[in-house]
Amino acid sequence: MKISLIGYRGTGKTTIGAKLAEHLQLKFIDADQLLQERAGRKISEIFATDGEAVFRQLEADLIHELTNSPESLVLSTGGGVILRPENRAALQSAGPVVWLKATPRTICTRLRLDSATAHQRPALLAETKPDQTPEQQMLYEVTTLLARREPFYQETASLDVTTDERDEAQIVRETLEKLADLKI
Ligand SMILES: Nc1ncnc2c1ncn2[C@@H]1O[C@H](COP(=O)(O)OP(=O)(O)O)[C@@H](O)[C@H]1O
Ligand SMILES: O=C(O)C1=C[C@@H](OP(=O)(O)O)[C@@H](O)[C@H](O)C1
Ligand SMILES: [Mg+2]
């Protein structure tokens, strides 16, 4: 059985997935981290050199492999994993899927803090609007893509947890309660 975490960038999938695995004493895999280890390159480098389509294929191959493995684990995914129907089906059939939610403002704040450190995420939206500050551009990208992706997160999720203005312990606790309610 796999407990998967889905949601937009910056909603806390990597952070909460690791904590959840600790609580449940399950192995933890972050698909993006494993993909980067295997490729020997950062995701931002794969995007820059080979393009997003190559990344999406590597991501789909990895999701296929991990969801077909016999071991139980907590699996954190990348925010765009729900774009492909085969990924959505694979995650759903592997076990419960937790959708971590946050507002565009929360997401932008977290991503800005991350990009000030080492964690650079590649831009996802080609279209830009004229005369925008980088902050406005980021909010535009997050709002636009979140609206496009929301139906896919909704369709794939077994349960959802809001993460705005809540610390990791609160989010983990609610996730564990909602998983228990599923009675799997
Ligand atoms: N509940 C939270 N409150 C505040 N910051 C958080 C919370 N969860 C995660 N973060 C921070 O937000 C950033 C993105 O978290 P991360 O786990 O990498 O998200 P994702 O994997 O969904 O992109 C990190 O800097 C992380 O420390
Ligand atoms: O939303 C996306 O399309 C992506 C999210 C990233 O993962 P996080 O959601 O962990 O940041 C990573 O997979 C890649 O940069 C693409
Ligand atoms: Mg992550």
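Going from the start of the chain as shown, residues are counted 1 onward.
Every residue, even glycine, has its Cβ placed from backbone N, Cα and C.
Please treat TrEMBL annotations as automatic predictions, because they have not gone through curation.
Taken straight from TrEMBL:
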type	residues	note
BINDING	Gly10, Thr11, Gly12, Lys13, Thr14, Thr15, Arg121, Arg166	ATP binding site
BINDING	Thr14	Mg(2+) binding site
BINDING	Asp32, Arg56, Gly79, Arg149	substrate binding site
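In this structure, Gly79, Arg121 are the binding-site residues from Gly12, Thr15, Gly79, Arg121 whose C-beta falls under 6 Å of some atom of ligand 2. Among the binding-site residues Gly12, Lys13, Thr14, Arg56, Arg121, Arg149, residues whose Cβ is positioned under 6 Å from ligand 1 are identified as Gly12, Lys13, Thr14. The number of other CB atoms found within 10 A of the CB of Arg121 (ATP binding site), across every protein chain shown, is 17. Within the set of binding-site residues Asp32, Arg56, Gly79, Arg149, the entry lying nearest in space to Arg166 (ATP binding site) is Gly79 (CA atoms). For the binding site of ATP, formed by Gly10, Thr11, Gly12, Lys13, Thr14, Thr15, Arg121, Arg166 according to the record, the largest Cα to Cα distance is 23 Å, rounded to a whole number. Cα spacing between Gly12 (ATP binding site) and Gly79 (substrate binding site): 10 Å, rounded to the nearest whole number. Candidate binding-site residues: Gly10, Thr11, Thr14, Thr15, Arg56, Arg166. Those with a Cβ under 6 Å from ligand 3, in sequence order, are Thr14. Here Thr11 (ATP binding site) comes close to Gly79, Leu100, Lys101, Ala102, Ile107, Thr163: these same-chain residues lie at least six apart in sequence, with C-beta atoms under 8 angstroms from its C-beta.
For the substrate site, whose annotated binding residues are Asp32, Arg56, Gly79, Arg149, the maximal Cα to Cα separation is 19 Å. Within 10 Å of the C-beta of Asp32 (substrate binding site) there are 21 other C-beta atoms, taking all protein chains into account. Of the candidate binding-site residues, Lys13, Thr14, Thr15, Arg121, the one lying closest to Arg56 (substrate binding site) when CA atoms are compared is Arg121.
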